[in-house]
Structures are given as C-alpha cells and as structure tokens.
Amino acid sequence: MSKRAFNFCAGPAALPDAVLQRAQAELLDWRGKGLSVMEMSHRSDDYVAIASKAEQDLRDLLDIPSDYKVLFLQGGASQQFAEIPLNLLPEDGVADYIDTGIWSKKAIEEARRYGTVNVAASAKEYDYFAIPGQNEWTLTKDAAYVHYASNETIGGLEFDWIPETGDVPLVTDMSSDILSRPLDVSRFGLIYAGAQKNIGPSGLVVVIVREDLLGRARSVCPTMLNYKTAADNGSMYNTPATYSWYLSGLVFEWLKEQGGVTAMEQRNRAKKDLLYKTIDASDFYTNPIQPSARSWMNVPFRLADERLDKPFLEGAEARGLLNLKGHRSVGGMRASIYNALGLDAVEALVAYMAEFEKEHG
C-alpha cells in the first residue's frame, strides 16, 4: 500500500489509520460470523451489541450523566436545525440564537420556519472575527432554549467558554469540536454533532439530550423527527445508519486507547499552537480571528497574494497534504486538524508553508 496522505478536509474528514485497518480486517467477516457488519440485521444480537458498546464508550469518554439519552440518528446536523425547534420550541414560544457564522445562521434561518427567533448576539458586529461576550447578549427571560454553534468550521471561530443560561436549556451544535477535549455535559440541555468530522463517517448525527426535554414535540412533528420516538426505540425506530454507527464505535474505542479526551486535548493543543505560531510569525500568512476565539479544529489562513493560492495547493497536494482549499464563501486556505490527524501532519504542513514562503515571499 502506498503511503497515506495527510487529509485536512473539513468533512468528511480523516479517520484514524487504526480504525480503517480494523474495519478493513472485519469487512468481509465480522469476528468469524461469515458476514459484514453492513449485511447484519440491526435487530440481531450481534449488531445490538455493537450499537450498545458504541453508546457506552461515548458515555465513558464524555462522562455523560445517566439522565441523558444518547441518540444515533440520520440526517446529519443540518436536519437538527429543524428537528430542534420541532421538539423544543412551542408555537407561542421564543428561542434565542447566537450568530457566529455560516452554520449558526443556517440554524437561525431554519428555526424561523417554526417559530419566533431572537438573535441574542451576533459576531457580525466584529466582522465574524470575534465572539461577543455574554455581557453583550440580549437573552429572552423565558426562552424555550438558547442555541449556539461551539465551533464554526468555515470561519474558524470557537467558543472557549460555555454560556450561562440559568434554567433555560442550552443547545449546541458541536459537530466539529466534540471529543476534542473534556466537556461538562451537564451544562447542556442538548448537544448534537454530525459524525463526519470528529466522530466517524458521514450519514450519522449524535444527539445527547436531557431526558426532561423529551416529550415536548409539537403535534405536527413527524414521528421520525421526534426525539422521544428515537429514545424509546434505542435509535432503531427504523433501520439506522448501521455501518456509520459501527465505525463511530471503533473511533470511540480508539479514543479510549489513546487516553480519552484529556489526551486529545493535549494533542490538539500542540497541533493548533504549532500552526498558529507559524502563521503569526510570518508576514506571508495571516489569520484574522481574535486569538481567544480561534478554533482548535479549523484553521483558516490566507497567503499574501491570492494569485499564489493555486500553486500553493498544487505543491501541497504533490506532498500529500490534501484538502487545504478554504471554503468557497471565504477563500484562502483552511487546515482542519481533527482528532484523527497527529502532530506529524501539522509538522509536515508548517514545513511546507515555510518552504513555500521562502520561494515566493
């Protein structure tokens, strides 16, 4: 097998080599059963055991309290933009949303289809280069919930703090930074995360929801989108995304073997520190985000001359540094450095950046 490249894609993102090798070994014959996990009935004892272990491993990693349900659903995080208000926003209620970029704006637009949304704060006032402090927020006293995106993958903004919302449930899109460091789940009413960044392959979304928030869905909420339906049926009301669930379980096992989220925090800190240090020490590369709001997972940067973007990307690909092109709405470059990428990937990237700057700077 040829050497694997370093994949800096924002999602679907890199998976740990050990996980892919395990999946490859079990692809045709799972543990001597003579069939692939892809071919298993989701009702079989073997698959139920796979699913249950994945849930327990995730509970262990995040120390999820017993009064929270863990759901493995389909539709991705974008479907949650509708599912959350359908389940949590009464017809006469108000939901508070914090706007920090493209993904939170999409959530806001979708929620407005189902009820009243108060944009309690927006990073637009800071050109989306900083996150408004909570003292700048205008929260609704009796809001149904407060929603924010903990990390904006496109703009590269990340909260380094958890908002205080009192008795109002706190809801967060944690698609791109879940499992990157320790987390106090008890601070939240609901956490959701599309799998294809830091959990596993695409086709799956994980929802962690406090039990007292179940059973509040509107009468028009489709059965399939009702969290209580999923919770009451072990996320198997219909056939789930079985293989994505299985692979995510392998990722959870791998994370535990690496030392869990505490070890991931140390590893991720080293990666982001090296990359931002390289950018800040250069007159050739720039990142405009306020340092306290810089994402650990998604690092956008620009070159001094955008005409050099194409040769930079071509040179990177030739060196096995893939998917560094920034999002089409932002331009420039973006390095997504999720859990699966090691420090060696960032070291290879910054070495290339120094080489390119020396040649073109």
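Cβ atoms are placed via backbone N, Cα and C, with glycine included.
Since the structure is predicted, the reported quantities are computational estimates derived from the model, not experimental observations.
Of the residues THR140, THR153, THR262, Swiss-Prot places THR153 in the same pyridoxal 5'-phosphate site as ALA77, SER78, TRP103, ASP173, GLN196, ASN238, THR239. Its own atom aside, the Cβ of ASP173 (pyridoxal 5'-phosphate binding site) has 27 Cβ atoms within 10 angstroms in the protein chains shown. There are 16 other CB atoms within 10 A of the CB of SER78 (pyridoxal 5'-phosphate binding site), with all protein chains counted. Separation of the C-alpha atoms of GLN196 (pyridoxal 5'-phosphate binding site) and ARG43 (L-glutamate binding site): 25 Å, rounded to the nearest whole number.
Counting only same-chain residues six or more apart in sequence, the Cβ atoms lying under 8 angstroms from the Cβ of ALA77 (pyridoxal 5'-phosphate binding site) belong to TRP103, ASP173, SER175, TYR192, ALA193, GLY194, VAL205. Look at the recorded positions ARG43, LYS197 and count other Cβ atoms within 10 Å of each Cβ; ARG43 has the fewest.
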